Amino acid sequence: MKTLSKQHPKEGIWLTQTKRPQCGHNDVLIKIQKTAICGTDIHIYKWDEWAQKTIPHGMTVGHEFVGTIAEVGAEVRGFKIGDRVSGEGHITCGHCRNCRAGRRHLCRTTLGVGVNRPGAFAEYLAIPASNAFKIPDDISSDMAAIFDPFGNATHTALSFDLVGEDVLITGAGPIGAMAAAIAKHVGARNVVITDVNDYRLSLAKQLGATRTVNVMNESLKDVMGELHMTEGFDVGLEMSGNGSAFESMLENLNHGGKIAMLGIPSSDTRIDWNQVIFKGLTIKGIYGREMYETWYKMVAMLQSGLDISPIITHHFSINQFQEGFDAMLSGKSGKVILDW
Ligand code: NAD
Ligand code: ZN
């Protein structure tokens, strides 16, 4: 079968042939229809320090996908051939305390599809059946292909009550822009989103942000004045991984404010603990998606009118994968879909 994999220890990704994976007793084998390119895939493409440390030679990459079930393992219940599914790219151990308590996103020994084990940029993917998620008929395959990052946005945005609140999102990448749409959908008042990239801010605007701010040429304080926000933001969603964005979030949150932190900062990022302590802030780290509360919430929000479709800006066939990666690398894209 065809796969996109990391064949050489340098920048790039390669379309190659490999053997179809085996479907274990507890697995489902999925015939992939569509995949989407994640920021993680770009780290692997660029072969940065993290990728060099983490990705084994020849690894099939990718973890954002939708497909149909082609084979069902002998022990599997609840799935049948032909079911349309997406799935969790975090494979958890199943026997640690958190897994057993149903908090699988907090498993201590998570393995990543397309990072630590063969991924979804392939004609077929085998994963544990408990990681597959059935997609209702009224949800498009394009949407289902991006449930992984949409799930990051959902997990983060729904971490704190947003009804009637003023929300600051730092970073209008695909995940930040989707979070803006979610925050508006669930009833936030002002959703202000920052970035340094105007293309991305315009996508966030299209998705429903109240106000976008390019921090290179506008001050967040001025925007808060314009919106008559005298006390500060109630909730912050950090989605840039940028230290100065996080610093401005700390500065502009009201006392008692809450922060859900998804963006991954560099190890030398400093934090002004005085802001945290004297303002009584709550900071919650967010990893992945809740299994499977987040997945049910995504379905429910789409079925109740949430429209995040403008976040998909590009479609390519798998043979044009290089154009897809180039679109992601340009910074002028939302989600990029590759059709298999
Ligand atoms: P992305 O890199 O596409 O988006 C980040 C955005 O932040 C970019 O648009 C960038 O221009 C913007 N940015 C840079 N400097 C900024 C500044 N000073 N102020 C405001 N914005 C600034 O990433 P994404 O795919 O949307 O993911 C968002 C973040 O979440 C990334 O840091 C990613 O690594 C992280 N992530 C974490 C998890 C998790 O499980 N915790 C999962 C997926 C992604
Ligand atoms: Zn576990």
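Even glycines carry a Cβ here, placed using N, Cα and C.
A quick note: this is a predicted structure, and the numbers were derived from the prediction, not measured.
What TrEMBL records for the NAD(+) site is Asp195, Arg200, Leu262, Gly263, Ile264, Ile286, Tyr287, and among Ile175, Ile182, Ile308 the residue it adds there is Ile175. Record check: TrEMBL places His63, Glu64 at the Zn(2+) 1 site, and the matching candidate among Cys38, Cys93 is Cys38. His43 (active site, charge relay system): 17 other CB atoms within 10 A of its CB, across all protein chains. Other C-beta atoms found within 10 angstroms of the C-beta of Gly263 (NAD(+) binding site) number 21, with every protein chain shown included. Secondary structure at Leu262 (NAD(+) binding site), as computed by DSSP, is coil. Comparing Glu64 (Zn(2+) 1 binding site) with Arg200 (NAD(+) binding site), their Cα atoms are 20 Å apart once rounded. The binding-site residues shown are Cys93, Cys99, Leu262, Ile264; of these, the one with its CA atom nearest the CA of His43 (active site, charge relay system) is Ile264. Between the binding-site residues Glu64, Asp195, the minimum number of other C-beta atoms within 10 Å of a residue's C-beta occurs at Asp195.
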